[in-house]
Every structure is written in structure tokens, then in C-alpha cells.
Amino acid sequence: MGLTKKKVLVGMSGGVDSSVAAYLLKEQGYEVIGATMQIWQEDKEVEEREGGCCSLSAVEDARRVCDKLDIPFYVLNFRDSFKKKVIEPFIQEYIDGRTPNPCIECNKHLKFDELLRKAQGIGVDYIATGHYAKIDKKDDRYMLIRSDDDRKDQTYALYNFTQDQLAHTLMPCGEYTKDRIREIAKEIGLAVHNKKDSEEICFISDNDHGKYILNAKPGAVKSGNFVDKSGNILGKHKGIVYYTIGQRKGLGLSVGRPVFVTDINPKTNEVVIGAEEDIFKTELIAGDLNFITFDKLEKEIEVEAKIRYSARPGKATIVPLKDGRVKVVFNEKQRAITKGQSVVFYNGNIVIGGGVIEAII
């Protein structure tokens, strides 16, 4: 009597990474099931023009891949959860003068929480995705580790993993470079082998988040003043949701020198403008923390910290505060630390944890 194969549900976006992840896991001997999370419904005209990563065309791409791999495929309805846990907080964060990262919230609440629970509810052992990251076990603790392809590493968006979630998650693409993943897809005859990577926010097909928020909550977007750090009025802005810390383009100001957004004040509806040197800071406060390598930060430790997806990690010290948050002190000034973005802590290639930036000091 043979051993029963372990079952894995692969979250499939219709892209090359999750498609090859499904193939690799089947080759490794798992019983693979493909599933696409239906999270947003574009109107037909936009759908046909844009074809984003959660669109109907993406669902069809995923279905065709599963047919090719001879594995079952399902579409799971996550629309209500996505709206409540990703879209509505995304809109509110911008209205509150912060710059959110919806991918992190989607990973935290949907992919590695609700999807995992749904999978376990039907007797599936693991979930898997096409993320570029690795999971390993050291002693009695699961670790999240940077991908072998440094350019494509996605651990910044994955720091909210719990130990139980890591124990039931597989990420086979983390062992490969992106180029090799595309080669594998071509070798096995997948039509998505040359499909371009999705770079926009998946539920905003034209990548214009300001217009999206204006349409969703028109009364919440109001014109206000651009001011300098002394409070002098420099001009009019079209609504704080259109701006982020460090922004230079699209301000519509003519003051005779390059100027940048240095702060956003939702209480006064003002956007503060200054010189580039004003957006370089060394300290921040972060909350909504999650740690992977240990349960709780008991004392200050030295780390490498990353303040946005595209940033290089900088050496820093994280200090626990009495209110449960942490202070992060960088050795060198960081450009455009932004409230609402996450700060993620590393020890070499190992993800220590992270949190959401709440204040810049």
C-alpha cells in the first residue's frame, strides 16, 4: 500500500511564477490543486484593455495552465474579504495622509490566512504561491529567508507570517532565478512563459490611485494648501491622497528651486514642501509588529532594515518601547521614510520581522 500524497493548494494568479510553482510541486510528488482568488471584478471595457493580475483573463490563463499540468482548478470568491480587508483600509490610509502597501495586507489577511484556512477546511496539507522567498526550519522554529534571486526577492511583503502559517506554506520559486522560472515555463510549453510581470496595484488597472479614491469617496478628497515648514502658503494642492513623502514630480509648483513633499498633515489638509535634504531622516516609530525569529522583542538589537519594497536595507538598531511599538534608529540617513509603509528587519538573509511606520522622528 503506497503512501498518500500530501495535498497542496497553489494560489494561481495566471502569471508565470505561480504556474511554474504548481509544476515544480507536482514534479516533487505532491497532489496539486490550482486555485485563483477572485478578488475584484473590473468592468468589461477596462478588463479587456488592461487584463490585470486578478482579472477574468488572468483566471483563464490560470485555468489553461492547470489543464496543461492536468491538475484540478477552482475559482474562490474572496471579493467581500478583499474589499473589507484591503481596499477599504487602502482608501482610508491615503485619506489619513499615509501611503499604504495593499500587497502586504492581502498577503497577511487573505493569501496566508483565509486561503490557508479554506484549504485546511477541505483537507489540504499546504498552500503554495509563486513568491520569491524561502522557508526553512531551524531547531524548532520556522524561518523566512530571502530568495536566491536578489532582484526578485519578495520577503519585504511577507513579514507577517506566523509560525503555523510558515509550517503549512510552500514557496518553490525561492530556489530559482526569475530567468530560470521563465525557461522552465517555456520548456514545459506554458503559454505564460513570456507574460509580463504585474507591477501596478492589482485592483487599480490604470495605476492612478488618486482617481480611484476620488471615485470611491468623492467627498473625502479636498483641495488644500502647499506650505513650507514655517507654514507659509506656497500654492494649492488637489487633495492629500495624490501625494507621498519624497515626491517631486506632479506638484505643479514653481518656486525657483527643486522642492519635495516632506510631510502630509491630514488634520489641516496641508502638504508640507521643502528641500531634498529635509526628506532624509534617521529615526522612525513602527507599530502593528510581527516577529518571525522570536515571539517578542525583549531588548534592543542590531538589524538591517528596509523601509520600502525597492529600498536597500540599512544598518539600524531596533529598540522596544513600553507601548508595544519599536523605535528604529538607522546608522545613516534614509531617504523619504513614509508613514503607512512597512519597515522590515533582516539578519543577513533571514527575516526577523517587521511593522508599519507610524511616525518619523
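From the backbone N, Cα and C atoms, a Cβ is placed for every residue, glycine too.
Annotated active site, nucleophile per Swiss-Prot: CYS106, in sequence order, evidence recorded as sequence analysis. Close to CYS106 (active site, nucleophile) in the fold, though at least 6 residues off in sequence, lie ILE39, PHE82, LYS85, VAL86, each with a CB less than 8 Å from its CB.
When secondary structure is read from DSSP and collapsed to three states, CYS202 (active site, cysteine persulfide intermediate) falls in the coil class. Among the features that Swiss-Prot reports, active site, cysteine persulfide intermediate is placed at CYS202.
Residues or ranges marked as ATP binding site in Swiss-Prot (evidence: sequence analysis): GLY11, MET12, SER13, GLY14, GLY15, VAL16, ASP17, SER18, MET37, GLY130. In the three-state DSSP classification, MET37 (ATP binding site) falls within a strand. Around the Cβ of MET37 (ATP binding site), 23 further Cβ atoms fall within 10 Å across all displayed protein chains.
Taken residue by residue with DSSP, CYS106 (active site, nucleophile) is part of a helix. The annotation disulfide bond is assigned in Swiss-Prot to CYS106-CYS202 on the grounds of sequence analysis.
Note: HIS131 (site 'Interaction with tRNA') has non-local neighbours ASP17, GLN154, LEU158, MET171, CYS173, GLY174, i.e. same-chain residues 6+ apart with C-beta under 8 A of its own C-beta. Swiss-Prot lists HIS131 (among others) with the feature site 'Interaction with tRNA'.
For GLN341 (among others), the entry in Swiss-Prot reads site 'Interaction with tRNA', with the evidence type sequence analysis. The DSSP secondary structure for GLN341 (site 'Interaction with tRNA') is coil.
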- Spacing of the two Cα atoms, MET37 (ATP binding site) and GLN341 (site 'Interaction with tRNA'), in whole angstrom, works out to 24
- Row ASP17 (ATP binding site), column other C-beta within 10 angstroms, all chains, value 26
- Message: Can you tell me how many other Cβ atoms are located within 10 Å of the Cβ belonging to CYS202 (active site, cysteine persulfide intermediate)?
- Response: 19
- Note on the structure: Once DSSP output is merged into helix, strand and coil, GLY15 (ATP binding site) belongs to coil
- Reported as an integer number of Å, what is the Cα distance between GLY11 (ATP binding site) and GLN341 (site 'Interaction with tRNA')? 25
- Using the structure shown, find which entry in SER13, GLN341 (the recorded positions) has the sparsest Cβ neighbourhood within 10 Å. SER13
- Note on the structure: If you tally other C-beta atoms within 10 angstroms for each of the binding-site residues GLY11, GLY15, the top scorer is GLY11
